[in-house]
Amino acid sequence: MTIAIGQNQERGLFDLIDDWLKKDRFVFIGWSGLLLFPTAYLAAGGWMTGTTFVTSWYTHGLASSYLEGCNFLTAAVSTPANSMGHSLLLLWGPEAQGDFTRWCQIGGLWAFIALHGAFGLIGFCLRQFEIARLVGIRPYNAIAFSGPIAVFVSVFLLYPLGQASWFFAPSFGVAAIFRFLLFLQGFHNWTLNPFHMMGVAGILGGALLCAIHGATVENTLFEDGDAANTFRAFTPTQSEETYSMVTANRFWSQIFGVAFSNKRWLHFFMLFVPVTGLWTSAIGIVGLALNLRAYDFVSQELRAAEDPEFETFYTKNILLNEGIRAWMAAQDQPHENFVFPEEVLPRGNAL
């Protein structure tokens, strides 16, 4: 028998808090939870409050709440008024001066949701890092989640920071996001931007890879269970392989002539494609924030202007973009009092 002689290690307040935060419970808290739960709760609560009660009349000249007759698709928490610039719009700041009603009217809820939402997403990413470390696995889930964080921060924070004010960010609502997409197309020709193309390829490519992978696994399952359905056919602690990688490799080698040789390369590729797509699209949005242009084929525009019989899909799209700008600006920015005479509005074969 071995007897260890020594003193108990002194445990401070930090150790006690650490033990409590990492205690095994139904919903893990952890140190990341101190950031995640309050910010996510406040962001979600702010959005539900805004879409239910708060008007956008004072910022956009629009009705945007359930109280005013909107539905789930048309309700939104709209961006602050253009005159607010890039103010954080703190409730106790010089704009609202502690008046909650006025704070809602000038768009304070949008800034509240955007900032708390960003920190909530970061907290969720840190949560995945923390749990991965405790469980003893690699942190690739957290690395993958950096993609959505990059998109959110670039679209809702960095883009309006590069523009005149928070007004030009997307409002938090379904139809409001669609309006923002039309704005990006009309004012930035976003669909022809190579970073947008890479983003689309990444997201749709990731969906395709996911569908192919799921179907292939289902096709090559080992039938070593006698249960009634797939979900009960295997035990959680089984030591055997669930599906045949060799059979899957043979199948796709016959289909395409090439196939993934091992599971590591296959699953890394499934991680790499969509995350890279998200990051490239986020980089593209930062470029739009700086008003950078991409793929302006001026020679085609000049020839189309000189030759009425020459038109390409590109020149047609440019004409459509001009229409979006001319007709959208007056509606989208009523505070500017834009007036476009009929003779300056674009006209062409497509309009």
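In case you wondered, yes, glycine gets a Cβ from its N, Cα and C as well.
As the structure is a computational prediction, the values presented were derived from the model and not from experiment.
For HIS116 (chlorophyll a ChlzD2 binding site), other Cβ atoms within 10 Å of its Cβ number 20. Summarising the annotation, Swiss-Prot assigns chlorophyll a ChlzD2 binding site to HIS116.
According to Swiss-Prot, the chlorophyll a PD2 binding site annotation covers HIS196. The Cβ of HIS196 (chlorophyll a PD2 binding site) lies under 8 Å from the Cβ of TRP190, SER281, GLY284, each on the same chain and at least six residues away in sequence.
Annotated plastoquinone binding site per Swiss-Prot: HIS213, PHE260, in sequence order. All protein chains included, PHE260 (plastoquinone binding site) registers 19 other Cβ atoms within 10 Å of its own Cβ.
As annotated by Swiss-Prot, transmembrane segment applies to 39-59 (among others), with the evidence given as sequence analysis. For the transmembrane segment (39-59), the residues of the chain that approach it from at least six positions outside its boundaries are 65-68, 70, 75-81, 104-107, 109-110, 112-113, 116-117, 119-120, 123-124, 167, 171-173, judged by C-beta separation under 8 angstroms.
Here the transmembrane segment (123-139) has long-range neighbours at 22, 28, 30-33, 35-37, 39-40, 145-146, 149, meaning same-chain residues at least 6 beyond its ends whose C-beta is under 8 angstroms from one of its own. Summarising the annotation, Swiss-Prot assigns transmembrane segment to 123-139 (among others).
Here Swiss-Prot flags 151-164 (among others) as transmembrane segment, drawing on sequence analysis. Here the transmembrane segment (151-164) has long-range neighbours at 79, 82, 85-86, 114, 117-118, 121, 170, 278, 281-283, 285-286, 288-291, meaning same-chain residues at least 6 beyond its ends whose C-beta is under 8 angstroms from one of its own.
Residues or ranges marked as transmembrane segment in Swiss-Prot: 206-226 (among others).
Taken from Swiss-Prot, the feature transmembrane segment applies to 277-293 (among others).
For the pair PHE260 (plastoquinone binding site) and HIS116 (chlorophyll a ChlzD2 binding site), the Cα-Cα distance reads 41 Å. Residues 146-148, 150-151, 153-155, 158-163, 184, 188-190, 193-196, 198-203, 205-206 of the same chain, all 6+ positions outside the transmembrane segment (277-293), place their C-beta atoms under 8 angstroms from a C-beta of that stretch. Every protein chain shown contributes to the tally, and the Cβ of HIS213 (plastoquinone binding site) ends up with 16 other Cβ atoms within 10 Å. Taking the C-alpha positions, the distance from HIS116 (chlorophyll a ChlzD2 binding site) to HIS213 (plastoquinone binding site) comes to 36 Å.
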